[in-house]
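First the structure, in the form of structure tokens, and then the observations on it.
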Amino acid sequence: MKIKKEEALFYHNGDSPGKLEIKPKKPFKTQRDLSLAYTPGVAFPCLEIKEDPIRSYDYTIRSNLVGVVTNGTAVLGLGDIGSLASKPVMEGKALLFKRFAGIDVFDIEIDEKDPDKFCEVVKKISPTFGAINLEDIKAPECFYIEKKLKEELDIPVMHDDQHGTAIVSAAALLNAIEITGKDISQIRLVINGAGAAAIACGRLYRKLGVKNIIMLDSKGVISKKRDDLPEHKKEFATDENIRSLKEAMYGADVFIGLSKGNILSKNMVLSMNEEPIIFALANPTPEIFPEDVYSVRDDAIVATGRSDYPNQINNVIAFPFIFRGALDTRAESINDQMILSAIRGIAELAKKEVPEEIKEIYESDLRFGRDYIIPKPFDHRLLIEVPVKVAEASLKLGVARVKDFDLERYREDLKKLSYELLSSFK
Ligand SMILES: NC(=O)C1=CN([C@@H]2O[C@H](COP(=O)(O)OP(=O)(O)OC[C@H]3O[C@@H](n4cnc5c(N)ncnc54)[C@H](OP(=O)(O)O)[C@@H]3O)[C@@H](O)[C@H]2O)C=CC1
Ligand SMILES: CC(=O)C(=O)O
Ligand SMILES: [Mg+2]
């Protein structure tokens, strides 16, 4: 399935520019409706919120509203194309939040590269939102921005390119390792890229038991011999006497690409260990295309970030569902335990039998194995399994701000929501 430029531009323009609109959800036909929605009626909820800010969750859309916030400095693999040019991606994220988890989004493109000034803007607009999804902000600024906002805001803040990507790729990695029968503590794992996504993935894989990680940036292998390394890269500096991707790939079990397109060669793939796992995740052009891997190896497990190949490892499988669970428990934050629970939910779902209607969407007999290591974005069960796990962790860890939350009832509510979304997006 190849996507042509003309078709993509038409999709975004067509009869009406953009991918979203805002719709009212209360009756609004009569003079009475006008008096309730606007002045004088609106003053009552205003005063309730003034008295107790938590009531903003009851009287406004805040409880279901995420801010997708960027400065456009690392947009997909397109690089620093600026905040305005990033808007189609941010509208796309908003569409995914709505379709897959029923969450409303305002996309906010901020023309500011200075991390402190950027944080100041996000802080000032935070009363609007129930949570903040940081998107496509480059490293190293993204680490500082996320940390500062987490410290200063009492709503969940998550940098999707870091943690969304780490969660989904970790779930896929655990499943791929299971299929190949490798031992996670023994694998040699090469991460190409040392930015937002790569560093977060490396950190999470270590928590899951990976010991031997070689990381590369645009200058080559991150080694202890280099004297140009910032702190976040030093964490991954190797003692090995290697400098290039070619040398790093020799005997590797796993390749994770979070850099830019067309960087991994067939010869490098040939030099990998048996049953290699290759996640070429740069968007839209992966580090290597699956057909090129298969032309030299028939024992590989391959994934990309794209929607037009099997095994799509993309943060879309994480962020809608993590934020759903966080919003519904009115969590103060999204923490490590919620992240680990989400990984479990995603990895386990891939092993369950796939309903016929999902197979029909993908015109494929999806069955846990080499070409199906991770659930599909259109799998409506994600909206049940992941938020329940996240909510459970949120309640257990005391970051939830809801009382008397019944997980079984929540599961039923999510089922209902998933059917509503299925029928409203037909
Ligand atoms: N599939 C998915 O779900 C996701 C995919 N991604 C993809 O990952 C990529 C990186 O995104 P992100 O981390 O947000 O961006 P960042 O700008 O934070 O990081 C980019 C990293 O790529 C490195 N890089 C650039 N060129 C090369 C090269 N030739 N060899 C090795 N490394 C190189 C940079 O090196 P240096 O540090 O030297 O500048 C930098 O470390 C993008 O293509 C993006 O689309 C990101 C998030 C999710
Ligand atoms: C998928 C995504 O968030 C990215 O490529 O930046
Ligand atoms: Mg992104």
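From the backbone N, Cα and C atoms, a Cβ is placed for every residue, glycine too.
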Same divalent metal cation site per TrEMBL - residue from D111, D114, D116, D161 joining E135, D136:
D161
Going through the recorded positions K93, D161, N283, N314 in sequence order, which have a CB under 6 Å from an atom of ligand 2?
D161, N283, N314
Those binding-site residues in E135, D136, N283 whose CB falls under 6 A of ligand 3, listed in sequence order:
E135, D136
I'd like the per-state residue tally for the domain 'Malic enzyme N-terminal' (17-150) from DSSP, helix first, then strand, then coil.
66 helix, 18 strand, 50 coil
Out of K93, E135, N283, which recorded positions lie by ligand 1, with a C-beta less than 6 Å from some atom of it?
N283
To the nearest Å, how far is the Cα of N283 ((S)-malate binding site) from the Cα of D136 (divalent metal cation binding site)?
12
